[in-house]
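Below is one structure, written out as structure tokens, with a few remarks after it.
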Amino acid sequence: MAGSHPYFNLPDFTQPSPPSTPSSLPSHQRCQPSDATKGLLVALLGGGLPAGFVGPLSRMAYQASNLPSLELLLCRCLFHLPIALLLKLRGDPLLGPPDIRGWACLHAVLNVLSIGCAYTAFQVVPAGNAATVRKGSSTVCSALLALCLESQGLSGYDWCGLLGSILGLIIIVGPGLGTLQEGTTGLCTAVGYGLAFLGGLTLSLGLRVYCSLHFPSGLPTVAFLFGLVGLLGSVPGLFVLQTPVLPSDLLSWSCVGAVGILALVSFTCVSYAVTKAHPALVCAVLNSEVVVALILQYYMLHETVAPSDIMGAGVVLGSIAIITARNLSCEREGKVEE
């Protein structure tokens, strides 16, 4: 019969075809963002952008009521302490498992030192420049740690993005370092830049320590420990090294509250990001904080933004685009398709 001829074995178009849905696709054709992509996007949107507001808001609080840096750190740590309720509800130990409790506390100490140095630097030098030095040093130190300790290699595109990010930061802060004034003002500015560098160094070390912590409640535990260690360290230091100030204006309290909330969001997102992507790449993407800080420095604090700042910010954004585009990929059942 003609119907049995292979040329006549055509599909029956009189019957409706089943609708095509994503669930009907074979599993090997489904595309999902890779872990590195998720980590870098979280670091960019949840880590760098909120952190860019912290420096200018800290400087505004200092200008409005001379709020000491340790008092600002103390207020920020108070936002971390309620995480203890989450740990209690889950039945997890507040200080983490006994075998890695020391490393978790070391991570908290390093982060407290990093934030304390950063807040002090924000009060001495322009917020954008302080953020630039801090993020630049964290990127450099993370890259050096990757060379010395990391078995997980970086591609040529990643190193290109890292070096470009560092170059952009040098363009931003280089002219300012070359025109330091002599005397007390110049010394205070140099100390501010030194504290910003130290803050970046301790940040990179803290991220490296956090990558070695592997237990289910790691993120809420380190967040609570940061608040606890910061509280225990800032209270005596505030009364010994600085003079406590009780703000009386709404602007200072608003800045303090915003700093606490935004810093907690940034801390959580960065801690999550380094579990998904390379710490050096996360630090490079966090340089977006510098761009946000420079914009706010100009529009909120009415401080001068030099042409070199704009040029360096463009280089930083280009480097972040290289790193992000290089790591944007889709996971497909056992393989990664870029």
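From the backbone N, Cα and C atoms, a Cβ is placed for every residue, glycine too.
Over in TrEMBL, the protein carries these features:
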- 11-33: region 'Disordered' (REGION)
- 39-57: transmembrane segment (TRANSMEM)
- 40-173: domain 'EamA' (DOMAIN)
- 159-178: transmembrane segment (TRANSMEM)
- 190-210: transmembrane segment (TRANSMEM)
- 214-324: domain 'EamA' (DOMAIN)
- 222-245: transmembrane segment (TRANSMEM)
- 251-274: transmembrane segment (TRANSMEM)
- 281-300: transmembrane segment (TRANSMEM)
- 306-325: transmembrane segment (TRANSMEM)
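Counting same-chain residues at least six beyond the ends of the transmembrane segment (190-210), those with a Cβ under 8 angstroms from any Cβ of the stretch are 103, 106-107, 110-111, 113-118, 120-121, 123-125, 129-131, 133-142, 145, 149, 173, 177, 180, 218, 222, 270-271, 274, 279, 282-283. Looking at the domain 'EamA' (214-324) alone, the prediction's average pLDDT is 85. Residues of the domain 'EamA' (214-324) grouped by DSSP class, helix first, strand second and coil last, total 85 helix, 0 strand, 26 coil.
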